[in-house]
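Visitor: Here TrEMBL flags 152 as active site, nucleophile. As annotated by TrEMBL, substrate binding site applies to 207. Residues or ranges marked as domain 'Pseudouridine synthase I TruA alpha/beta' by TrEMBL: 245-347. The region 'Disordered' feature in TrEMBL is assigned to 28-84.
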């Protein structure tokens with residue numbers, strides 16, 4: 001075929017099939033347009049859009065198949081599982097109050113059923129109320145659980161705060177409390193930021209220690225029973241000694257397993273004082289309040305114990321200054337019965353997020369009436385009745401004479417002398 005004939009044939013083929021494009025490939029042969037039904041060829045951009053949609057249709061089909069598969073899985077999981085998947089899981093904080101008598105502290109010991117803790121009962125109630133799945137109760141890290149303060153054995157709380165992620169079910173507080181014993185209550189709930197950690201975000205903690213005032217009766221010239229009444233003069237002396245704790249000190253002698261040169265042994269106490277005494281069931285009591293950034297294990301109980309030993313005449317006042325030095329000082333530990341975590345403070349968090357329009361400030365003023373009622377119903381009566389029947393303070397006071405409060409002074413005078421280990425103060 002001559003060259004002009006080949007060119008003419010190629011032109012006819014292009015007109016029939018359309019232009020060839022590397023992106024779109026060769027188009028299918030089309031029939032010549034019928035007379036009276038002539039349409040202008042689609043622009044190149046429109047053709048590319050049609051091709052994109054055609055190829056996207058396969059991916060859309062895959063998505064439809066995946067959605068159908070997910071729905072089938074949810075149906076196989078049952079209606080309850082499907083309902084929980086639809087519920088929002090959010091970071092919250094719970095305001096807790098509890099009486100610690102009969103419990104081995106706040107923190108849960110997973111895998112140990114011998115020593116019951118407050119968190120054992122709390123986690124059980126969370127699972128049974130439908131707030132968390134069962135496997136979150138077995139591994140509390142899955143719900144980002146954190147308590148603000150780890151209270152010791154027998155210690156109570158009126159304002160403990162824990163942070164965790166839960167399903168926000170209807171009537172959540174009522175349902176949790178319905179699975180808790182009456183001496184453990186959830187008094188409030190607030191939404192917080194996703195990365196909130198109740199321990200790390202806490203600026204300070206306030207505790208109070210409730211004790212019978214005969215603990216301050218002088219060993220030589222005061223009655224040592226519940227007929228004792230605290231004088232104004234003795235109360236002033238108690239507060240003068242408690243004020244010595246204010247500020248930053250090295251409290252290595254007020255806890256266990258802390259060396260005098262460890263930075264973590266230095267703690268900051270904002271305030272410490274004793275309130276006016278009051279009488280309950282014929283016995284006079286007083287409340288010592290202390291606020292600090294954080295406290296070590298047994299620190300508050302030893303702070304109280306040393307002041308009691310001084311006021312009763314067993315230890316000189318100079319032992320306070322010596323206890324903050326590097327030398328080991330024998331510091332007695334008061335009973336855990338009267339210690340109560342009263343409230344925790346989140347000033348910095350409130351300043352940053354409390355008024356941002358999205359989060360509530362962590363202020364529990366609306367729950368204050370419930371906190372007061374719980375203390376009157378469960379905490380104060382437990383402390384008073386236990387002290388009256390078990391006499392824990394009276395028994396502990398009888399151990400004070402065995403402590404050697406001058407041991408450090410003797411060691412300083414005689415460097416080769418061996419300092420005896422503390423008596424009656426095992427951890």
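Placed from the backbone N, Cα and C atoms, the Cβ positions cover glycine too.
Model, not experiment: these values are computed from the prediction.
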Visitor: So what's the average pLDDT for the domain 'Pseudouridine synthase I TruA alpha/beta' (245-347)?
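Guide: Overall, the domain 'Pseudouridine synthase I TruA alpha/beta' (245-347) comes to a mean pLDDT of 96.
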Visitor: If you measure residue 152 (active site, nucleophile) to the residue listed as 'substrate binding site' at Cα, how many Å is it?
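Guide: Answer for this pair: 13 Å between alpha carbons.
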Visitor: Which residues of the same chain, at least 6 positions away in sequence, have a Cβ lying under 8 Å from the Cβ of the residue listed as 'substrate binding site'?
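Guide: Spatial neighbours, sequence-distant, of the residue listed as 'substrate binding site': 289, 290, 291, 295, 300, 339, 340, 341, 342.
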Visitor: What are the helix, strand and coil residue counts for the domain 'Pseudouridine synthase I TruA alpha/beta' (245-347) according to DSSP?
Guide: 25 helix, 33 strand, 45 coil
